[in-house]
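The block underneath contains the structure these notes are about, expressed in structure tokens.
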């Protein structure tokens with residue numbers, strides 16, 4: 001479960017992958033909206049791991 | 001920026017400043033409740049360790065995303081484009097790290113009544129030298145950070161048309177007095193106002209400004225044109241040589257962020273570990289805000305803003321595009337946004353001084369009440385030091401020291417964090433690693449002329465990386481070697497955290 005938390009690191013530190021302008025979204029070049037998209041995505045991943053921990057009765 | 005005073009903006013500014021001042025003094029009674037224990041460092045320095053998810057969200061958000069961020073991140077984006085955006089991955093990656101590490105640290109601190117990071121380290125390793133190293137790093141790294149907040153405040157005061165150092169001095173005395181009387185409760189309460197104001201300002205700005213300038217497409221287009229003309233390492237996307245610096249700055253800054261005394265103070269003041277976990281889920285809301293604030297740097301191009309120093313970009317944009325009253329509101333938000341972190345930073349530094357310098361070396365038998373008293377006085381001294389810094393030394397000096405501070409604070413990571421997960425390291429090895437990291441990191445930074453990234457040449461290819469992260473790697477390697485050579489020494493058993 002905790003491995004989910006490595007996804008933002010892979011997604012954001014692999015810079016060549018997102019260092020381009022297209023496809024753009026609402027005028028935002030890809031470089032920008034891709035990084036913005038990781039904000040809610042990271043929140044969601046942390047929440048999933050958090051909920052999983054609660055179920056297992058983590059202190 | 002005109003020389004005249006903008007009276008409407010100034011009136012709005014003063015109104016909000018007075019409002020938070022009243023709140024700051026009133027805060028000493030807020031959240032005191034039945035658990036109020038009277039004079040005790042826990043009360044002054046950690047707000048009674050009773051902050052739930054909401055207050056912690058505002059407090060940590062308020063002291064992590066500082067006024068200087070609001071000024072400096074758009075300034076950097078304005079100057080170099082995509083590269084300045086490393087702040088976005090940095091403030092995303094920090095939360096998985098907070099989620100995994102900080103609840104464990106909170107447990108370690110809560111059980112033993114620790115107030116500072118150095119307390120936790122001493123609690124685990126029983127080593128005064130290691131404790132001293134961690135506390136010293138914390139205090140030294142925090143001082144220039146407080147000075148930066150004052151720079152942020154100075155920039156908006158200047159944008160209001162006020163000149164001279166008197167307004168800054170006045171704002172500063174007020175800050176010092178209510179922090180003295182109310183402790184951590186003051187910034188926690190003021191953070192509510194500050195954050196609401198900043199959210200309003202940014203949401204209005206990111207809707208209204210592009211609407212006036214022809215949409216985000218037009219904003220990015222005009223920035224692209226300017227960077228194309230300017231050339232060099234600027235642009236809407238990164239140059240290949242910037243990939244590694246961008247990624248390592250983001251990662252290194254994320255690892256360093258919660259090693260600072262002010263962010264840790266917010267963590268230790270939480271009432272339980274799940275408060276921290278919930279905050280790791282919801283704090284990224286501020287990151288969206290930060291990303292939008294960064295875009296103000298591009299909007300300045302579309303609006304045709306011209307400034308003498310990059311730090312004036314945001315105030316100039318507000319002065320140019322908004323009515324005076326809203327500009328005043330925005331500047332008040334930024335100035336108050338400087339008060340919250342400056343207060344928490346001075347409290348964090350005072351806690352360190354009291355617990356890890358004063359108590360062990362000056363007065364080991366100090367009472368709880370005495371600790372609170374010492375910390376309050378030190379908080380005044382710390383802020384006075386930062387003020388002297390700003391008034392008498394060139395601004396560049398504070399910026400350089402802040403940069404070095406980042407490299408230094410990152411070197412406390414192994415001592416503070418490794419023990420939470422593995423019991424293998426001993427105090428002497430960690431101290432040796434810390435010393436190598438600090439010396440090597442400082443040496444690299446000085447050799448490069450105080451730049452955040454260092455360039456290696458490997459087989460003809462050049463690689464640039466964040467200096468702090470390089471020093472951390474040296475730190476860890478030396479700690480591992482030292483542990484093998486010196487043995488574990490008086491390593492205490494790994495405690496269940």
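Heads up, the Cβ atoms here are built off N, Cα and C, so glycines get one too.
Cross-referencing B:103-131, B:132-160 with TrEMBL places the feature transmembrane segment at B:132-160. Matching B:33-50, B:429-446 against TrEMBL, the residues noted as transmembrane segment span B:429-446. Counting only same-chain residues 6+ beyond the ends of the transmembrane segment (B:374-395), those with a CB under 8 A from a CB of the stretch are 41, 44-45, 142-144, 146-147, 149-151, 154, 165, 168-169, 172, 175-176, 179-180, 183, 342, 345-347, 349-351, 353-354, 358, 366. Between the transmembrane segment (B:324-353) and the transmembrane segment (B:429-446) there are fewer than 3 Cβ pairs closer than 8 Å, counting only pairs 6 or more residues apart in sequence, which means the two stretches are not in contact. Within the chain carrying the transmembrane segment (B:54-77), a Cβ under 8 angstroms from the stretch's Cβ atoms is held by residues 31, 83-85, 87, 91, 148-149, 151-153, 155-156, 184, 187-188, 190-192, 194-195, 198, 257, 262-263, 265-267, 269-270, 275-276, 279, 282-283, 285-286, 289-290, 293-298, 300, 310-311, 313-315, 334-338, 340-341, 344-345, all 6 or more beyond its ends. Between the transmembrane segment (B:132-160) and the transmembrane segment (B:240-260), the number of CB pairs under 8 angstroms, six or more residues apart, is three or more, so the stretches are in contact. Among the recorded stretches B:196-220, B:281-304, B:401-422, B:466-486, the one sharing the largest number of Cβ pairs closer than 8 Å with the transmembrane segment (B:429-446) is B:466-486. Same-chain residues lying 6 or more positions outside the transmembrane segment (B:166-184) and placing a CB less than 8 Å from one of its CB atoms are 17, 21, 24-28, 43-47, 59, 150, 153-154, 157, 265, 269, 335, 339, 342-344, 346-347, 376, 379-380, 383-384, 387, 390.
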